[in-house]
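Read the structure below first, then the notes.
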Amino acid sequence: MFDTKKVEIQWGGQTLTLETGRVARQADGAVLATLGETVVLCAVTAARSVKEGQDFFPLTVHYQEKYFSSGRIPGGFFKRERGATEKETLVSRLIDRPIRPLFPEGFYNEINVIAQVLSYDGENEPDILAMIAASAALTISGVPFMGPIGAARVGYKDGEYLLNPTDADVAAGDLDLVVAATHDAVMMVESEAKELSEEVMLGAVMFAHKASQDVIKAIIKLAEKSAKDPWEMAPQADLSAAKTKLKKLVGKDITAAYKLTNKSARSSALNEARAKAKEAFADATPQDQMAAIKLVKKLEAEIVRTAILKDGRRIDGRDTRTVRPIVAEAHFLPRAHGSALFTRGETQSISTCTLGTKESEQMIDGLNGLRYEHFMLHYNFPPYSVGEVGRFGAPGRREVGHGKLAWRALHAVLPTKEEFPYTIRLTSDITESNGSSSMATVCGGSLAMMDAGVPIKRPVSGIAMGLILEGKDFAVISDILGDEDHLGDMDFKVAGTSEGITTMQMDIKIAGITEEIFKTALLQAKEGRAHILGEMAKALDHTRTELSAHAPRIETMSVPKDKIRDIIGTGGKIIREIVATTGAKVDIDDDGTVKISSSDTAQIEAARNWIIGIVAEPEVGKIYTGKVVNLVDFGAFVNFMGGKDGLVHVSEIKNERVEKVADALSEGQEVKVKVLEIDNRGKVRLSMRVVDQETGEELPDTRPPREERPRGDRGDRGDRGPRRDGDRRREGGDRGPRRDRGDRGDRPRRERSEGGDEGPAPDFAPAFLTRDDD
């Protein structure tokens with residue numbers, strides 16, 4: 001029934017298996033990729049015809065993580081996979097970026113690439129496997145894909161590169177780098193690093209490129225066994241005559257437009273030239289009109305690229321290494337915890353930093369289960385930033401991707417949660433854009449955190465590099481404009497500190513670049529980053545020592561683990577009382593770390609003292625402030641040190657006699673008490689009478705000690721016999737004759753109600769003690 005084809009290789013200490021012919025057989029190409037016990041299915045389908053009037057390549061990539069792959073049921077009300085998560089969006093882009101340039105120009109058939117994680121073993125990450133499966137499925141599908149590509153993840157630990165490291169390896173190491181490459185050159189790089197040098201980063205890319213060659217060979221072997229017949233491409237029409245006509249018509253207009261340094265003026269001039277070209281083909285067929293528009297764009301690219309390669313002159317008049325003018329301003333917004341306005345040429349970002357408590361952390365539900373992220377960065381790109389009318393609302397894939405890139409750049413310099421126990425949210429609202437808005441987000445975000453008082457290791461700056469490549473001639477350009485991005489061959493973003501690189505992202509629009517070009521771009525980017533750091537330092541060169549007056553304060557303390565339940569109380573009673581009474585928020589971790597937060601330091605101090613009182617042990621002889629919680633006939637129970645209870649006996653309330661406890665004390669009354677004794681069961685005996693209730697100072701004990709009452713000679717009581725265990729009254733021995741107490745008849749009988757030396761009978765005495773026997 002199945003015509004299964006399979007290829008296996010040993011790769012990075014694991015067996016990589018590529019299989020087709022058993023699952024999703026109606027797709028144009030479907031591959032089941034397995035690494036360890038992680039399994040990803042990728043299916044490719046392509047439309048056989050192009051929609052009328054379509055002049056772009058509609059490639060759509062969807063990556064989906066099935067919860068059953070790790071034995072989990074989705075959380076929340078809806079128990080099924082729903083819209084794409086942030087990770088799914090990022091991996092979809094990771095697959096899309098290296099394969100899109102490998103389709104021929106003029107191919108406009110719609111293609112769907114759908115990758116689904118079917119099994120996840122917790123060690124082998126499915127994103128790399130999804131990239132490999134997508135490449136293999138496209139290669140065997142018959143569509144005009146100029147691949148295949150290979151992919152690899154590289155870590156760096158103890159001076160050595162690691163192929164396909166586990167999550168634990170990445171966390172313990174200094175690098176998490178993903179590379180996609182063809183046989184000849186690198187196509188895409190995505191990375192996060194802990195301030196590594198350019199040499200180490202370049203070495204990691206080359207290491208990944210070499211490792212991906214084994215994957216490419218395996219895909220080619222699978223294609224030799226199972227590839228479908230390649231599609232026949234329609235011959236491209238000869239447009240040389242139309243191109244010559246357009247060059248004569250609008251060539252000079254385009255050249256003049258690109259000499260205008262102002263973006264708005266340049267756009268207006270270019271639109272006029274395009275309208276002029278379109279008018280010249282008004283009588284042509286719709287297909288010819290579309291072709292003419294494409295030719296105008298090609299003319300624009302030729303003019304810009306030639307000026308850069310031959311003359312070294314760019315659109316705005318800069319040379320290839322110069323960075324646009326920079327203006328940075330810290331504390332731009334008065335009420336934000338931290339803020340900055342960062343402007344580089346015609347690109348501008350308002351960046352803010354907001355500090356929160358643990359309860360503000362972002363909950364992330366994924367294949368590995370629930371986890372919480374205390375650092376967030378949200379990038380927003382409204383349509384007005386480019387002077388256009390457009391959709392305004394939820395972030396798209398591009399915004400999610402740009403935000404994550406800036407997140408990686410800044411994540412490496414954050415303090416640990418122990419050093420700075422705040423939740424940090426950065427936002428970047430792009431108010432102007434003409435290239436490299438994600439790197440403006442990095443610079444603005446770094447300044448905003450410093451303004452908020454976040455103790456980052458060092459400031460971070462970022463720069464976007466471009467490439468113009470014609471044959472063997474190339475020019476690497478620093479701080480690219482939007483037009484240079486569109487018309488160039490590479491978008492290469494590098495961010496880092498004065499000590500090294502923290503993130504690097506590269507997208508190639510041609511069939512890859514060489515090691516020489518890559519090295520040149522890295523070194524030129526280092527020069528640009530250093531310049532930008534200098535400009536940022538003019539606005540703020542150090543982290544502020546004080547937090548904003550509007551930011552919450554968090555104090556951290558540690559308590560013994562066995563005291564956690566005492567702080568929480570039965571059903572959370574104690575901790576709720578602490579929060580309700582003091583107004584501070586209290587979070588307790590399983591390791592005994594307690595975080596107390598409030599914008600009022602007095603509230604923090606009150607909660608802290610309360611908790612200290614719960615976990616501390618009372619000391620005999622010390623004086624504490626407490627609250628009366630219960631009155632009984634023989635005294636009062638007082639709660640002190642937050643969670644401790646002790647008894648003040650009626651005799652220890654005052655130096656003078658107290659007839660009724662309720663006459664001297666009331667429930668809820670605050671009192672000062674001294675610890676007299678703690679018995680071996682932990683019972684605490686307290687005294688109020690030796691403490692000044694106004695000042696809390698100890699008073700001298702003026703009460704005379706109780707004298708022993710003489711009991712007289714009780715005489716020889718005789719042999720009481722051996723004592724045995726059990727009821728003494730029932731089984732006790734002979735106590736001997738009783739001493740003669742004499743005739744009581746000559747003494748008057750005392751009435752119990754009259755009292756005597758021992759005072760009146762207490763009110764609570766039972767009836768048989770108070771009744772009249774006469």
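Residue positions begin at 1 at the first shown residue.
Every residue gets a Cβ built from N, Cα and C, even glycine.
Taken from Swiss-Prot, the feature Mg(2+) binding site applies to Asp485, Asp491. Feature annotation from Swiss-Prot assigns domain 'KH' to 552-611; the stated evidence is sequence analysis. Per Swiss-Prot, domain 'S1 motif' is recorded for 621-689, and the stated evidence type is sequence analysis. What Swiss-Prot lists as region 'Disordered' is 689-774. The feature compositional bias 'Basic and acidic residues' is assigned by Swiss-Prot to 700-755.
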Across every protein chain in view, the count of C-beta atoms other than its own within 10 A of the C-beta of Asp485 (Mg(2+) binding site) is 17
Quick one: what's DSSP say for Asp485 (Mg(2+) binding site), helix, strand or coil? helix
Per DSSP (three-state), Asp491 (Mg(2+) binding site) is strand
Just to confirm: which same-chain residues, 6+ apart in sequence, have a Cβ under 8 Å from the Cβ of Asp491 (Mg(2+) binding site)? Ala464, Gly466, Ile480, Asp485, Met506, Asp507, Lys509
DSSP-assigned states of the domain 'KH' (552-611) in counts, ordered helix, strand, coil: 32 helix, 16 strand, 12 coil
What are the DSSP helix/strand/coil residue counts across the domain 'S1 motif' (621-689)? 7 helix, 35 strand, 27 coil
